[in-house]
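*Asks:* These came from TrEMBL, pasted as-is:
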type	residues	note
ACT_SITE	LYS164	active site, proton acceptor
BINDING	TRP14, ARG33, LYS82, ALA114, ARG228, VAL252, GLU254	NADPH binding site
BINDING	LYS82, GLY110, SER112, LYS164, ASP217, SER227, ARG228, ASN229	sn-glycerol 3-phosphate binding site
BINDING	LYS82, ARG228, ASN229	substrate binding site
BINDING	ALA114, ARG228	NAD(+) binding site
DOMAIN	36-133	domain 'Glycerol-3-phosphate dehydrogenase NAD-dependent N-terminal'
DOMAIN	153-288	domain 'Glycerol-3-phosphate dehydrogenase NAD-dependent C-terminal'
Amino acid sequence: MQKGSIAVIGAGKWGQALHFALSQKQKCYITSRTKKDIENFVDLKTAMDCEYLIIAIPAQEIRSWLKENFIFKGQKILVASKGIEATTGEFLNEIYANFIPSENVGFISGPSFAAEVIKGLPCALVINSTSKKLYESFQPFFPNFIKTYYSVDVIGAEIAGAYKNVLAIASGICEGLQLGKNAQASLIARGLVEMQRFGKYFGAKKSSFLGLSGAGDLFLTANSTMSRNFRVGLGLSQSKKLCVILEELGEVAEGVKTADAIDKLSKKYKIYTPIANEVKLILDGKNPKDSLKDLLKN
Ligand SMILES: NC(=O)C1=CN([C@@H]2O[C@H](COP(=O)(O)OP(=O)(O)OC[C@H]3O[C@@H](n4cnc5c(N)ncnc54)[C@H](OP(=O)(O)O)[C@@H]3O)[C@@H](O)[C@H]2O)C=CC1
Ligand SMILES: O=C(CO)COP(=O)(O)O
């Protein structure tokens, strides 16, 4: 392993933005399935030999990617993905735990559109890990335009980052149906309560949902067409087929599969998550106007 070296795995929008940010202070490698003309692009083997890895591939692809490519040699890992695995309902930390000791893994959360980070615009992120030492080892790599915080609440950050994508779809639907700002603000506020209720069941800290990981990322994503998930909601409000929406998007919208995961988990553990349940139904073809009526019922 190349001591002190760092690489990003996954050269999508977020991987490239993190690569830009982490290249400000030191050489940062990047690799991806598809070769890309990016500075310090290397093959997977070279990247995997680095001591510090940032993995920015879609949440639903992580388990198979780790199975096929990952050999633990003591690397320290930052997970940049946001989502819950739809096939199993497992959280990302549970998946990574099959391959890497928890003290070697951290999860990035917080309001961070890649399109702004790659321009060097300021933002604040949370590095969530059971190990503060892990946070302290990654923190120096971050540039001055990114303020980093540490939190031990991994599950809270994971659920916040995943759930907000589902709520962003709901908010995009609200916008697309032109229901007004009162409705959108009420939806986002109740969505925050719902996200926190869901997180509490799995042992998450309430404070995680009031901070950058929850409210911060939710307010960002649920109020902007820069969000892929918000744009999925806009498409659904125009009765576009999901496959057409995703084809046109051309990038991952994690809220689609995470809605399925949350729907399954909330039914399995009897957690009241009406907004996420309706998003799942709309993704399966329910008319959004009927969902609105059902959500408004007293
Ligand atoms: N975009 C953003 O603003 C932010 C995104 N995120 C999160 O980061 C994660 C990645 O999102 P983003 O980069 O935007 O998505 P993109 O759709 O832009 O890119 C996805 C990346 O994942 C790679 N990939 C896809 N499937 C596989 C696979 N099976 N094996 C290996 N690599 C694969 C692609 O590789 P290739 O292109 O080489 O085929 C591509 O580099 C998501 O969980 C997202 O929620 C978090 C914060 C901000
Ligand atoms: O997570 C993000 C911003 O923090 C990106 O949101 P989208 O995946 O909806 O574009």
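Every residue gets a Cβ built from N, Cα and C, even glycine.
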*Asks:* Between the Cα atoms of VAL252 (NADPH binding site) and ASP217 (sn-glycerol 3-phosphate binding site), find the distance and write it as a whole number of Å.
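*Replies:* Each residue's Cα considered, VAL252 (NADPH binding site) and ASP217 (sn-glycerol 3-phosphate binding site) end up 17 Å apart.
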*Asks:* State the Cα to Cα distance, in Å, between SER112 (sn-glycerol 3-phosphate binding site) and TRP14 (NADPH binding site), rounded to an integer.
*Replies:* 9
*Asks:* Averaged over the whole of the domain 'Glycerol-3-phosphate dehydrogenase NAD-dependent C-terminal' (153-288), what is the pLDDT?
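*Replies:* Across the domain 'Glycerol-3-phosphate dehydrogenase NAD-dependent C-terminal' (153-288), the average pLDDT comes out at 98.
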*Asks:* Express the distance between the Cα positions of ASN229 (sn-glycerol 3-phosphate binding site) and GLU254 (NADPH binding site) as a whole number of Å.
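*Replies:* A Cα-Cα distance of 7 Å.
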*Asks:* Where does GLY110 (sn-glycerol 3-phosphate binding site) sit in the DSSP three-state scheme?
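*Replies:* Where GLY110 (sn-glycerol 3-phosphate binding site) sits, the three-state DSSP reduction gives coil.
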*Asks:* Can you figure out which of LYS164, ASP217, SER227 (the recorded positions) comes closest in space to ALA114 (NADPH binding site), comparing Cα atoms?
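*Replies:* Comparing Cα positions, the candidate nearest ALA114 (NADPH binding site) turns out to be SER227.
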*Asks:* Could you check the binding-site residues TRP14, LYS82, VAL252 and say which one's CB has the most other CB atoms within 10 Å?
*Replies:* LYS82
*Asks:* Non-local Cβ contacts of GLU254 (NADPH binding site) (under 8 Å, 6 or more apart, same chain)?
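*Replies:* Once residues fewer than 6 apart are set aside, GLU254 (NADPH binding site) is near PRO58, ALA59, GLN60, SER81, LYS82, GLY83, ALA162, ASN165, ASN229.
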*Asks:* For GLY110 (sn-glycerol 3-phosphate binding site), which of the recorded positions TRP14, LYS164, ARG228 has the nearest Cα in space?
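*Replies:* Comparing Cα positions, the candidate nearest GLY110 (sn-glycerol 3-phosphate binding site) turns out to be LYS164.
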